[in-house]
Amino acid sequence: MMSKRDIRAIMLYEFKRDTNAAKTAQQIKETFGRSNEDLGNEERERPESVLDNDVPREAVEANPLTTVREFAKDLNVSKSTVSRHL
């Protein structure tokens, strides 16, 4: 069984050769046989947030002169995480 990465590499190669996706899929099927490969993306749930939205807001209200860097250090998260939640 080929990995999705292998299939994508073949699809890209054939695309650069001006072969359309339907023809490429047919050639893969003829070469490697019929399988239950699904080239679609799998549905995923949104990952859990590492920080509750109220925590940074409360921290800012308690001390509005603190920098994002200091909040990140105090909350043990990245600066970008703090920025997204503010």
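From the backbone N, Cα and C atoms, a Cβ is placed for every residue, glycine too.
Keep in mind that TrEMBL annotations are predicted by a computer and have not been checked by a curator.
Source: prediction; values computed, not measured.
Taken straight from TrEMBL:
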- 4-34: domain 'Mos1 transposase HTH' (DOMAIN)
- 30-62: region 'Disordered' (REGION)
- 31-60: compositional bias 'Basic and acidic residues' (COMPBIAS)
- 64-86: domain 'HTH arsR-type' (DOMAIN)
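Secondary structure of the domain 'HTH arsR-type' (64-86) per DSSP (helix as H, G, I; strand as E, B; remaining residues coil): 15 helix, 0 strand, 8 coil. Sorting each residue of the domain 'Mos1 transposase HTH' (4-34) by its DSSP state yields 25 helix, 0 strand, 6 coil.
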